[in-house]
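A.B. asks: This is the structure, below, for whatever I ask next.
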Amino acid sequence: MNPNQKIITIGSICMVIGIVSLMLQIGNIISIWVSHSIQTGNQHQAEPCNQSIITYENNTWVNQTYVNISNTNFLTEKAVASVTLAGNSSLCPISGWAVYSKDNGIRIGSKGDVFVIREPFISCSHLECRTFFLTQGALLNDKHSNGTVKDRSPYRTLMSCPVGEAPSPYNSRFESVAWSASACHDGTSWLTIGISGPDNGAVAVLKYNGIITDTIKSWRNNILRTQESECACVNGSCFTVMTDGPSNGQASYKIFKIEKGKVVKSVELNAPNYHYEECSCYPDAGEITCVCRDNWHGSNRPWVSFNQNLEYQIGYICSGVFGDNPRPNDGTGSCGPVSPNGAYGIKGFSFKYGNGVWIGRTKSTNSRSGFEMIWDPNGWTGTDSNFSVKQDIVAITDWSGYSGSFVQHPELTGLDCIRPCFWVELIRGRPKESTIWTSGSSISFCGVNSDTVGWSWPDGAELPFTIDK
């Protein structure tokens with residue numbers, strides 16, 4: 001073989017080896033691509049950040065967690081059997097209130113994508129607590145936030161996000177179209193109640209596990225409305241209170257018993273001279289207690305308690321430590337409506353302990369500012385204004401707003417009692433501040449039988465925003 005033939009032979013061999021190597025590399029790339037496609041083909045669309053999604057399959061919770069690793073989402077599942085939130089325990093004995101959450105939504109919303117909201121509330125399942133809120137179909141610091149002081153519009157929706165997080169399009173879940181709402185968990189699925197429609201014919205849409213299961217039509221054709229806080233569940237049944245009729249006179253009030261999203265029973269209260277709006281309800285020893293707003297003529301709060309058959313009792317908190325706003329200075333109370341400064345009002349709550357009562361209220365007697373918790377050891381039945389504990393929550397120089405109760409069941413906490421908790425809305429913007437919008441953040445506390453501290457946890461946002469200038 002001459003030198004030229006040797007060169008040609010060696011070159012041919014090298015070319016063959018190179019072609020084979022190239023084909024192997026192409027095959028390797030195709031194999032990796034096919035393997036990746038099979039692995040991720042049945043998963044949800046990639047998200048820009050980590051998130052948890054809970055679905056329901058045959059009364060079993062499936063907790064799906066997406067973990068973002070090198071732009072690839074790996075899905076892990078952990079099935080958790082559903083339970084029944086019994087609600088048969090008593091409220092836990094407490095000596096004060098420990099801070100639980102604060103979302104700082106307005107502060108974050110000056111630069112980030114945060115919903116314009118009002119009427120936030122918290123509700124817990126046996127696995128998690130979520131903040132529910134009524135959006136205005138707009139973001140803070142955006143042109144669509146203009147005019148959001150309005151309570152009822154077709155753009156308002158009930159949404160929810162993990163407790164303590166600022167409500168944004170990236171962490172929030174749509175629940176219902178609503179300008180008045182409630183929600184609660186029976187241990188198997190979430191029940192949501194969303195009211196929308198015209199003032200003279202609104203309809204409440206009930207959803208169970210996200211599916212429409214029932215509706216309730218306005219029966220007085222005068223702004224059907226509900227709690228703006230969580231409904232209460234006992235032994236698989238959930239209970240809510242609705243109002244239909246004048247906000248400044250005698251209206252109609254109904255209790256609804258709901259099972260798996262279907263109304264199974266309702267009772268209209270026989271309550272002349274009473275006014276119930278925006279009730280804050282909680283379970284206690286198998287029964288339900290609701291503390292409400294009298295927007296007609298009471299500066300103390302009306303209550304209704306009932307058993308699972310909807311057999312009920314009604315009254316007003318007797319204490320001379322008045323809980324509504326506006327209200328007179330503390331003095332001599334009444335077990336009926338206290339008339340001075342009794343018109344108008346604000347959503348609030350109290351927790352009954354025997355003859356005693358924890359009263360949550362604004363610090364100001366005539367504006368929605370400040371917040372405090374007061375323990376009146378005889379206030380449920382006694383009319384004096386003596387109290388033994390006062391815990392500061394928000395200073396009188398800072399804005400507050402609505403407040404309401406929620407509970408954490410033993411199935412969540414591992415305690416042998418129902419833990420009482422509350423949230424406070426921190427309203428900012430119109431009508432008290434020079435902005436084009438109205439919105440709020442929230443803070444929450446839970447009752448404990450250990451050390452606590454009073455302080456001020458205000459909203460803290462610096463206004464006006466860029467859109468307001």
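Residue numbers in this text run from 1 along the chain shown.
Placement of Cβ uses the backbone N, Cα and C atoms for every residue, glycine included.
Since the structure is predicted, the reported quantities are computational estimates derived from the model, not experimental observations.
Quick paste of what Swiss-Prot says about this protein:
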TRANSMEM  7-27  transmembrane segment
DISULFID  Cys92-Cys417  disulfide bond
BINDING   Arg118, Arg152, Glu277, Glu278, Arg293, Arg368  substrate binding site
DISULFID  Cys124-Cys129  disulfide bond
ACT_SITE  Asp151  active site, proton donor/acceptor
DISULFID  Cys184-Cys231  disulfide bond
DISULFID  Cys233-Cys238  disulfide bond
DISULFID  Cys279-Cys292  disulfide bond
DISULFID  Cys281-Cys290  disulfide bond
DISULFID  Cys318-Cys335  disulfide bond
ACT_SITE  Tyr402  active site, nucleophile
DISULFID  Cys421-Cys446  disulfide bond
A.B. asks: Measuring C-alpha to C-alpha, could you say which of the recorded positions Cys92, Arg118, Cys129, Asp151, Arg293, Arg368 are within 10 Å of Cys281 (disulfide bond)?
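C.D. replies: The recorded positions passing the 10 Å Cα test: none.
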A.B. asks: So the record assigns Arg118, Arg152, Glu277, Glu278, Arg293, Arg368 to substrate. If I measure every Cα pair among those residues, what is the longest distance in angstrom, as a whole number?
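C.D. replies: Site span for substrate, by Cα atoms: 20 Å.
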A.B. asks: Give me the Cα-Cα distance between Cys446 (disulfide bond) and Cys129 (disulfide bond), rounded to a whole Å.
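C.D. replies: With distance taken Cα to Cα, Cys129 (disulfide bond) is 12 Å from Cys446 (disulfide bond).
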A.B. asks: Let me spell it out: for each of the binding-site residues (Arg118, Arg152, Arg293, Arg368), count the other Cβ atoms within 10 Å of that residue's Cβ, using every protein chain shown. Which one has the most?
C.D. replies: Arg293
A.B. asks: Between the Cα atoms of Cys129 (disulfide bond) and Cys184 (disulfide bond), find the distance and write it as a whole number of Å.
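C.D. replies: If we compare the Cα positions of Cys129 (disulfide bond) and Cys184 (disulfide bond), the gap is 10 Å.
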A.B. asks: 10 Å Cβ neighbour count around Cys231 (disulfide bond)?
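C.D. replies: Cys231 (disulfide bond) is surrounded by 26 other Cβ atoms within 10 Å.
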A.B. asks: Sequence order is fine: just name those recorded positions in Cys92, Asp151, Cys279, Tyr402 with a Cα within 10 angstroms of Arg118 (substrate binding site).
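C.D. replies: If one measures from the Cα of Arg118 (substrate binding site), the recorded positions that come within 10 Å are Asp151, Tyr402.
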A.B. asks: Counting Cβ atoms within 10 Å of each candidate's own Cβ, which of the disulfide-bonded residues Cys238, Cys279, Cys290 comes out highest?
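C.D. replies: The residue with the densest Cβ neighbourhood is Cys279.
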A.B. asks: Under DSSP, is Cys290 (disulfide bond) part of a helix or a strand, or is it coil?
C.D. replies: strand
A.B. asks: Do me a favour and check the Cα-Cα span between Cys335 (disulfide bond) and Arg293 (substrate binding site); whole Å is fine.
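C.D. replies: The Cα atom of Cys335 (disulfide bond) is 15 Å away from the Cα atom of Arg293 (substrate binding site).
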A.B. asks: Run through Arg152, Glu277, Arg293, Tyr402 for me and report the recorded positions whose CA is within 10 Å of the CA of Cys92 (disulfide bond), in sequence order.
C.D. replies: none
A.B. asks: Roughly how many Å lie between the Cα atoms of Cys318 (disulfide bond) and Glu278 (substrate binding site), rounded to a whole value?
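C.D. replies: Rounded to a whole number, the Cα-Cα distance is 19 Å.
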A.B. asks: May I ask for the distance between Cys231 (disulfide bond) and Glu278 (substrate binding site), taken between their Cα atoms and rounded to an integer number of Å?
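C.D. replies: Glu278 (substrate binding site) has its Cα 11 Å from the Cα of Cys231 (disulfide bond).
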A.B. asks: List the recorded positions among Cys233, Cys279, Tyr402 whose C-alpha is within 10 Å of the C-alpha of Cys184 (disulfide bond), in sequence order, or say none.
C.D. replies: Cys233
